[in-house]
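Asker: These came from TrEMBL, pasted as-is:
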type	residues	note
DOMAIN	29-485	domain 'Major facilitator superfamily (MFS) profile'
TRANSMEM	84-102	transmembrane segment
TRANSMEM	114-132	transmembrane segment
TRANSMEM	138-160	transmembrane segment
TRANSMEM	172-190	transmembrane segment
TRANSMEM	202-224	transmembrane segment
TRANSMEM	284-309	transmembrane segment
TRANSMEM	321-343	transmembrane segment
TRANSMEM	350-370	transmembrane segment
TRANSMEM	385-405	transmembrane segment
TRANSMEM	426-447	transmembrane segment
Amino acid sequence: MPAGGFSASSARPSGMEFEAKITPMVVTSCVTAATGGLMFGYDIGVSGGVTSMEDFQREFFPTVLRKSRKNKGSNYCRYDSQGLQLFTSSLYLAGLVSTFFASYTTRRLGRRATMRIAGAFFIVGVIFNGAARDLGMLIVGRILLGCGVGFANQAIPLFLSEIAPTTNRGGLNSLFQLNITVGILFANLVNYGTNRIHPWGWRLSLSLAGFPVVLFTLGAFFMVDTPNSLIERGRQEEGKVVLKKIRGTENVEPEFNEIVEASRIAHDIKNPFRSLLQRRNRPLLMITILLQMFQQLTGINAIMFYAPVLLTTLGFKTEASFYSAVITGAVNVLSTFVSMYVVDRVGRRMLLLDVGVQMFLSLVAMAVVMRARVTDRSDHLGHDWAIMVIIIICNFVSFFAWSWGPLGWLSPSKTFLLETRSAGQSISVCTNLLFTFVFAQVFLSMLCHLKSFIFVFFLRPFCHHVALRPLIPTRNKEHSHRGDG
């Protein structure tokens, strides 16, 4: 096959087609950039397992350990601790704040430089967490990791959407979501093993985050920047050279001219955030905010963050809760492969809205099981009921993984104009991290007070239908505008 890849026409919404191939450079760059998702996923998966380890609780949260051992109060309130929740949520609050700075670096320094900055934050954060001696040092480490998440989540979806040919952009962009799920699975596997290592198994869990960090940071020094970013920063000739390399053809003049024109318009925009409020951009801004908000309102991160904690509350033994988390993590990965196949073949309306009905039914089933079988004092769910719980959770996770998971990140990076794309991506990431922080900080307290009704709270797919059905096109179309190169 020519250029080491297969031919793919980059179709434009206007009807124009740009010649393009999926070249080795595109594949290598996309895989390397998406490795940042491993770090994000590992941070999501590791926290729930570590917080349920007795050695970790003894070191930083002795009150939680004493409450659990004495079996005082409701099972639902066993892990109700603001400090314990802060360990998880502080990362996302830091990510929220750092996103505003990342928007500037993405625009002024480029996508690649922003990923390098993210890698530096990741490295220092891992060192602080692995060597933590007190709660303050632990939280500082999580904050540094959060800064890395903010910079990475700002740059990576933009990088992937700009470097991939349009017709394959959805699948290649889903690599980010795929690596997030692989990172979660990796963290669950690590937690399952380190839970048996006393008393420093939790340190190993937190330190092994260095593995994806090294892959991502080193890769960021060898990849090319996107033609859009180079041209936007006035390096047009270099941008054209890179465009020829990643498209695998010399015939890049039409696409190059379109990017140059979009860059000219972008430079005329003095305040891209203010431009998002213009009439033509408001629908895109609304879709972006609603997508990220409802993605979190599905309750997915309650499972991803606190799976072992939640399963222990339901009556699972400690080891069973860890390997059950591994099972759900594996289902998450496999389902994301499905999404990579269907995202460019099936309309977004079906993926975002109709799959929401299936998620709704899973939440109803989970609420019924908890109401029927889990009491304040129950300590054993029973074999058959435990299997049912795992099946329900796996169904819920799989539905999310091929719909709201990848499309929550894909749609904003594909729809904004070049002049507002960085600002739009910043709003997207900020909204996601804001709601992620809120639910990470309050979920265990909500579980304590709402008990089985916690899953009733997350019955949000009907809201998805009401709010988004008029806004989302039935076909997998990109917003028609200049500069969506």
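For all residues, glycine too, the Cβ spot is worked out from N, Cα and C.
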Asker: Quick check: do the transmembrane segment (385-405) and the transmembrane segment (284-309) share at least 3 Cβ pairs under 8 Å, counting only pairs 6+ apart in sequence?
Answerer: yes
Asker: Answer with yes or no whether the transmembrane segment (172-190) touches the transmembrane segment (202-224) by the criterion of at least three Cβ pairs under 8 A, sequence separation 6 or more.
Answerer: yes
Asker: Where else in the chain does the transmembrane segment (172-190) make close Cβ contacts, counting only residues six or more beyond its ends and a cut-off under 8 Å?
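Answerer: Result: 26, 30-31, 33-46, 49, 156-157, 160-161, 164, 204-205, 208, 212, 304, 307, 322, 325-326, 328-330, 332-333, 335-337, 339-340, 343, 401, 405-406, 409-410, 413-414.
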Asker: Take the transmembrane segment (284-309) and find every residue of the same chain, 6 or more past its ends, with a Cβ under 8 Å from one of its Cβ atoms.
Answerer: 44-45, 47-49, 51-52, 79, 88, 184, 188, 191, 276-277, 318, 321-322, 324-325, 328, 352, 356, 359, 363, 393, 396-397, 400, 404-405, 407-408, 411-412, 415-416, 424, 427-429, 431-432, 435-436, 438-440, 443-444, 454-455, 457-458, 460-461, 463-464, 467-468, 471-472, 479
Asker: Please average pLDDT over the domain 'Major facilitator superfamily (MFS) profile' (29-485) for the predicted structure.
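Answerer: Computed over the domain 'Major facilitator superfamily (MFS) profile' (29-485), the mean pLDDT is 84 on the 0 to 100 scale.
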